[in-house]
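K.L.:
A single structure is presented below for examination.
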Amino acid sequence: MIKLVDFRLLPEHAPYSQRTGESSSASITTTGYSVTAADPESHPPKRRKEDMATCMYDEAIAELSELLSEKSELQDVAASKLKQLAAELQSAAQGFDPVDRIKSGFANFKTEKFEKTPDLYGDLAKGQSPKFLVFACSDSRVCPSHILDFQPGEAFMVRNIANMVPPYDLTKNSGVGAAIEYAVLHLKVENILVMGHSCCGGIKGLMSIPDDGTTSSDFIESWVKICSPARSKIMTEYNSLTFEEQCHNCEKEAVNVSLGNLLTYPYVRDRVVKNSLAIKGAHYDFTKGALELWDLEFKISPSASA
C-alpha cells in the first residue's frame, strides 16, 4: 500500500524545514512507514526530555537508513527526499547549525540539479539570455523562482523591500537603475514583471507613516515612500476599509505605481512603444496559494519616447 511518510516529532525539536514552514514529507511516497515519538510517561523519571528527543531522532535516522538499504525499488526522487529528510532529522537532533545548513543545501543542489542537468549548466556557463526581468520583495516567504518555477537562466531578478521600482533619477537609487539598464539594453529581456504579495511588511510600513511625514528608521520609510501615490489613493478611495484591507489593496496599487515608474526609464519606454518589451503586474497571495496577473493600461505618444 502507498501512503505518505508520517513523522510525529516533538514540536520543539522539529526539523529545520518544519520550523521554517516547509513540508519535509508531504511529497514523499513510499511503502507504509511511520515513526512516532515515545510516550514520556513510559520512560524512567530521571530521563531528560532532551535525551528522549535524541533517542527518538537516532531511532528515526536508523529506521530511515534501513528503509533506504532494503527498498532498492524506490524511485530516485523518493530515495533522495528520504536522504534529505534523514539529514534534516540528524541536524535537528544536534541543533541548528547555519554552516551545516548551507553545506547540506548545496550538496543537495549539486546532486539533484547540477549533476543531473549538465547540458543546462553547460549552456549557462557560456552566457545568459533571460526572457524576464522580475521585481519581487525581499520577504523570505516570496521566492520568484520557487513560486513561478523559473529555471536558472530564465529570469533576471531584483529583490528589495516591497518590490518597488523608483522613478528614473540619475542622482539616486542607482542599484535599481543599473539592473533595469543592464536587463533592457544588454540582456534585452522581453518582459518585466513586478510582483507584490500578501502580508507585505513594506506596504504596512508605508501605510503606517504618520501624516506629518516623520520617520523612525534610517532607510525603510524613505524607501517605501517611493510608492506614496499608492498610499494616497488608498487613503482617499478606501478610507472606510479596515487597516488590513487598506494594506491589501495598497499591495496591488503599489505595483501599479512601480509599473508607471518603469515608463520613466527612456530605454524601457522606447521598447514598450516599439512593442518589443511588455510590462506586467502581479500579486501573490501565499495565504491562499493564488496569483493575480495583469497589464497596466496606459498610452504613450511616440514623441514622448524620442
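If you go along the chain as it appears here, the first residue is 1 and each next one adds 1.
The backbone N, Cα and C atoms fix where each Cβ goes, and this holds for glycine too.
Okay, so TrEMBL annotates it like this:
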| type | residues | note |
| --- | --- | --- |
| REGION | 16-49 | region 'Disordered' |
| COMPBIAS | 17-34 | compositional bias 'Polar residues' |
| COMPBIAS | 40-49 | compositional bias 'Basic and acidic residues' |
| BINDING | C137, D139, H197, C200 | Zn(2+) binding site |
K.L.:
So what sits near C137 (Zn(2+) binding site) in its own chain, CB-to-CB under 8 Å and at least six residues off in sequence?
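P.N.:
Sequence-distant Cβ neighbours: R159, N160, I161, A162, N163, M195, G196, H197, C200, G202.
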K.L.:
Excluding C137, D139, H197, C200, please set out which residues of the same chain place their CB within 8 Å of the center of the CB atoms of the Zn(2+) site, keeping sequence order.
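P.N.:
So the additional residues around the site are A136, S138, R141, V142, A162, N163, G196, S198, C199, G201, G202, I203, E251, Y284.
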K.L.:
Using DSSP, would you call H197 (Zn(2+) binding site) helix, strand or coil?
P.N.:
strand
K.L.:
Going by DSSP, is D139 (Zn(2+) binding site) part of a helix, a strand, or coil?
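P.N.:
Looking at the DSSP assignment, D139 (Zn(2+) binding site) belongs to neither helix nor strand, so coil.
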